[in-house]
Each structure stands twice: as structure tokens, then as C-alpha cells.
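Novice: Quick one: the structure is below, and I'll ask about it shortly.
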Amino acid sequence: RASASGPLLSSASAKPIGEGRGSDRIGVKASTSSRLDCRRPPEMAIRRGSSCAVLALLALASVAAVSADVFFQEKFEDGWESRWVKSEWKKDENMAGEWNHTSGKWHGDAEDKGIQTSEDYRFYAISAEYPEFSNKDKTLVLQFTVKHEQKLDCGGGYVKLLGGDVDQKKFGGDTPYSIMFGPDICGYSTKKVHTILTKDGKNHLIKKDVPCETDQLSHVYTLIIRPDATYSILIDNEEKQTGSIYEHWDILPPKEIKDPEAKKPEDWDDKEYIPDPEDVKPEGYDDIPKEVTDPDAKKPEDWDDEEDGEWTAPTIPNPEYKGPWKQKKIKNPNYQGKWKAPMIANPDFKDDPYIYAFDSLKYIGIELWQVGSDCRITHSVQEDGTNSHSFSYVCRLSQELCLTTFSSLTMLLWLRHLLKRPGPSIRKYGHILRSIIYRIDI
């Protein structure tokens, strides 16, 4: 579990969101203060993934100018099930997973428990309701802890804030949400913190790439959204990204655009280099032959002109030949740079002073899709150095998928073998296969 050095404070009231021992927590908070000193998470533990991940803490709070309001705080002590609603999403398809109340494989306190997914290849969805509020003119703080108990190759660990009226029994992947925040890992290419803000029914992803943690330890993730339309993303209370919501999300059209009527002036000189007028081609340069007769060549003694024809000495590259003549180039004294159209005010831009705000925040949800065998089997392949488990894993899902994947893998192997370079031997195919299987996202 992640240790904490102090309470989560409001810069206005210096009131902690949660107190007590440094356990994993969850909560919500909002404030009109400009900055928060985030040191310790509020109490909530949510674990994810019997074989893949453990989600451990969530905090939701709103800090007003004078006081800090905690809208949601969960310690997952006895009675936690009365505060949470387990969704029946995917239950009819027998694909809904069960939650365990546990302290995990390793912990600092056996009594400090959370909820953990218990089955592989299942969907999980659970939510809790809190007093409805808006973060308008307030600073919103969302904070939680994620722990992956096994090396994770593909899976998420994020939470959602939802507004309006939600049928919690039907909460699932298609349920509209206001904010989604948390780490996402998949293969080599995706290892980042997702931060999605929903406006006018459209999900807007952050344009910045914020790397997430990928080890098997607990990590605290914090999102702060302020009324000046700035935000901060913290991991283990260290700021990893901050900036303007206007600039880092494409929620609104840009304030300025390139003038569509502007054209490059005809006399605009955008040539950075020009031929040197003082560099003249030497006289007779083009007369130098590319090849010359080999002066050291001699007619073979057994050469018969009548039978072999007239002997001709072979040619060799001419050391005096320097290739086609090219005039030297110099810096252009009249260079004006690359022409760019001037920027003008965007007629389609309409400012939204509440771009950061959500009128209704009422639920917190955890919605996960776990293919535990992905993590386990890929990990097994890396350990035992064979590829037999890779194929048995692929074939477990469906015969159609097995055949398609097998054909694709075979094609990739032979493409590498035939086209890239003299291919690897049969002894090396297993290594390549494991490398490809490791990248497959089932």
C-alpha cells in the first residue's frame, strides 16, 4: 500500500479530507481556493484484479472558500455493501464478476480492506451515490489509489464521476459519465493516465501524455480541477502535469485560426540557401571520363585474335572523375523564413467561463473489464521460455479466434523470415512468437 505523509488539505481551511492511519481511501472534494496542498488521500480502498490489478483508493471532495466539503469518503469497513450498488450489467450473459472484500496478497494492516475482483475474463461494475453537487466556482479534488498485484500487460484502473439520474443496477460501460480519471496500461504503447472530461455529450481526452506507474506497488492518483480553468494531475502527491483546460482539451474551438484569405506574397523569399554565384564550374570538367583504360592490363599470352577477337584492355574507375558538377550553396542574405498565414480571431469561438464545471455530480463508479488470463499466460510465457502456453491461451477464447490468430502469427513470422533479412532459424521461432503474443490485445 502507498504510505502517506500527511492529510489532504484545503489551502483555505487547512482541514484534512480524511484522518486516521495511512490506509487506502476514496473521496470527493470541491473548493473556491486556487490551490490545494495534497498530501494524504481520503479513506477508500478499491482493489482490482485477482491476477492483474488492485485499485485501492478514491477521494472526492469540494473545497469552498472557507471550508472543505467532503462529498464521498469510503473506508470499506463492515457495512460497505450497504453504501455500494453492484451492477447487474452482463449478468444475463454470465459475464459479471464477483467482488471480494480483502486486504490483498500483501498488506501493512490485515484489517485495512478493500474490494477486489475475483474472476478472470469478467466485467465488473459497482457504484455509490453521494449528495449531488456542482463544482462551479469550486476546486474539485478526485483522488484514489491503484495497486496491480501482478505485472499487468493490459488493463485499466480508472474511476468515473457521473451526474443526473443513474440506474445503478444497470451501470456499465455505456453509461454516460462526466469525468473519467486513472491509469491505463496495454502492451508497450499505452502506459498513461487517462483524463476524460465530458461536455455536451462528447468525451474529450486530454491531449497531454501523462505516464502512469506500472509496478506492483500502491500509487495515489489525484486530479484537481480549479475554477480558473486550470488542472493538476499528481501521482503519489507529486505533480506530473498541470496547465489550462482550454489548451489541453479540445472542448472548445481554438480562439485563433490561420487567416484563410491570406496568401504568400509573390516576392516572399523562403529559400534559406542559394547557389554561390562565385562558384564557377572548371573549364573542361564535363570532358573528364567516368572510366579509363587500365594501364596495368596486359594481353594474355594465350589470347588468339583470330579465335577470341581483337583484345581490348579493360576499364577502371577514373580517379579524376568527381561526378556531376554541383554548384556550392551559400546562406541567402534575403531569406525571410518560412511564410506562415497570420492568425485571426476564430469567428466560431465562443468562450465558456465554466468550461471546468459540471452542473451535476452525484455518483462515483468503478467499471472494469478484466481478462486475467492475458496477464497470467503472457507472464508464464516470459518465465518458462516456451510458446506452447501462448497457443493454448489463444485457443481458450474461441476456435475462430484461434485460427485467425494462428494464421496471422504464421504470416508475420514468414514475413520477418523472408523480407527483413536472412531469417531466424527454427530454433528462434519460439522467441519471436512469444514477442508477438506479448503484444496481442485480445
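Heads up, the Cβ atoms here are built off N, Cα and C, so glycines get one too.
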Novice: Looking at TrEMBL, which of Cys154, Cys212 bridges to Cys186 via a disulfide?
Specialist: Cys154
Novice: Among all protein chains shown, how many Cβ atoms are found within 10 Å of the Cβ of Cys186 (disulfide bond), not counting that one?
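Specialist: The Cβ of Cys186 (disulfide bond) has 16 Cβ neighbours within 10 Å.
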Novice: Using DSSP, what is the helix/strand/coil residue split across the compositional bias 'Basic and acidic residues' (256-301)?
Specialist: 3 helix, 9 strand, 34 coil
